[in-house]
Amino acid sequence: MDLLAKASVLLLLLLSLSNAQTDNMEEAENGSSKEEIDESELEDVSSIIFRMNNNSMEELLEGDLVLPKTRNAMKCFGAPDSCRWPKSSNGIVKVPYVVSDNYESDEKETIRNAMKEFAEKTCIHFVPRNNERAYLSLEPRFGCKSMMGYVGDKQVVVLQRFGCIKHAVIQHELLHALGFYHEHTRSDRDQHVKINWENIIKDFTHNFDKNDTDNLGTPYDYGSIMHYGRTAFGKDRKETITPIPNPKAAIGQTERMSDIDILRVNKLYKC
């Protein structure tokens, strides 16, 4: 190989290395690479919530429901109809809220966007609080959790930063605050899913107890944002919930409220 040919090969090698380095620098600036995928984007809502609530010192029902501390608040666990937020004379259900200043501006925007979808598709309007006694206080404490339904006073919706500030997770916790249970605890769930009790971690079997629910004449919804994922509270990630009759049916949600979730809000609040 003559000198000119060797120089040409060397130049091609240098150009190739330069392009590769440029690609790597661009990936570093963007904070990701082609091989890297945010694992949380692949998780269903319940998996994200349980991961964020892991090691919580607070006793939680069904993984993310804060147990009421007053007799008045207990009513929602016995009679869901009695824990609805009050409706205005114009048919709008106004839910006052405050968002902690400990969130960044983009996190606040994500929260408000999740709330906005309720106003677009239901009669639920989350409105900034003035001086109302009953309101939601969204705070970045440990985990993702909420109380169940209308309490009549300040009630905290916990949305930890760097994990819970996701459209679907926010809507999940807001639905709890509006009075909705997890889908797999429906009174008719045994017709639609099989609970694999032997695969559930011993201390968490109570999270799969059925509730005496009013299903509002709506079908069981595998795609509900309130549905547990297949391996929720499973030993070594074993399957704890199996759809029937089709065991391969997709369950869980990763993006937003399903159409049936929205239908139920409209039915419960007579929108």
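Placement of Cβ uses the backbone N, Cα and C atoms for every residue, glycine included.
Here Swiss-Prot flags GLU173 as active site. Summarising the environment of GLU173 (active site), the number of other Cβ atoms within 10 Å of its Cβ, over all protein chains shown, is 24. In the three-state DSSP scheme, GLU173 (active site) falls into the helix class.
The Cβ of HIS182 (Zn(2+) binding site) has 24 neighbouring Cβ atoms from other residues within 10 Å, across all protein chains displayed. Following the DSSP three-state reduction, the secondary structure of HIS182 (Zn(2+) binding site) is coil. Taken from Swiss-Prot, the feature Zn(2+) binding site applies to HIS172, HIS176, HIS182.
Swiss-Prot lists CYS76-CYS83 (among others) with the feature disulfide bond.
Remark: CYS271 (disulfide bond) has GLY91, VAL93, THR122, CYS123, ILE124, VAL265 as non-local neighbours, by Cβ distance under 8 Å and separation of at least 6 in sequence. In the three-state DSSP assignment, the secondary structure recorded for CYS271 (disulfide bond) is coil. According to Swiss-Prot, the disulfide bond annotation covers CYS123-CYS271 (among others), on the basis of sequence analysis.
Among the features that Swiss-Prot reports, disulfide bond is placed at CYS144-CYS164 (among others). The Cβ of CYS164 (disulfide bond) has ILE48, ILE49, MET52, GLY143, CYS144, VAL158, ILE170, GLU173 as same-chain neighbours under 8 Å, each 6 or more residues away in sequence.
What Swiss-Prot lists as domain 'Peptidase M12A' is 72-271, and the listing cites sequence analysis. Looking only at the domain 'Peptidase M12A' (72-271), the predicted model's pLDDT averages out at 92.
Positions annotated as N-linked glycosylation site by Swiss-Prot: ASN30 (among others).
Within the same chain, no residue at least 6 positions away in sequence has its Cβ under 8 Å from that of ASN54 (N-linked glycosylation site). Under the heading N-linked glycosylation site, Swiss-Prot lists ASN54 (among others).
Feature annotation from Swiss-Prot assigns N-linked glycosylation site to ASN211 (among others); the stated evidence is sequence analysis. Non-local contacts of ASN211 (N-linked glycosylation site) by the CB criterion (under 8 A, 6+ apart in sequence, same chain) comprise TYR181, THR185, ARG186, SER187.
The feature signal peptide is assigned by Swiss-Prot to 1-20.
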Determine the most Cβ-crowded residue among the binding-site residues HIS172, HIS176, using a 10 Å radius around each Cβ and all protein chains in the structure.
HIS172
In whole Å, how far is HIS172 (Zn(2+) binding site) from CYS83 (disulfide bond) when you measure between their Cα atoms?
17
Could you check the disulfide-bonded residues CYS83, CYS123, CYS144 and say which one's CB has the most other CB atoms within 10 Å?
CYS144
Through the lens of DSSP with three states only, how would you label CYS83 (disulfide bond)?
helix
Which chain neighbours of the Zn(2+) site, leaving out HIS172, HIS176, HIS182, have a Cβ atom within 8 Å of the mean position of the site's Cβ atoms?
GLU62, ASP64, LEU65, SER146, GLU173, LEU175, PHE180, TYR181, ILE225, MET226
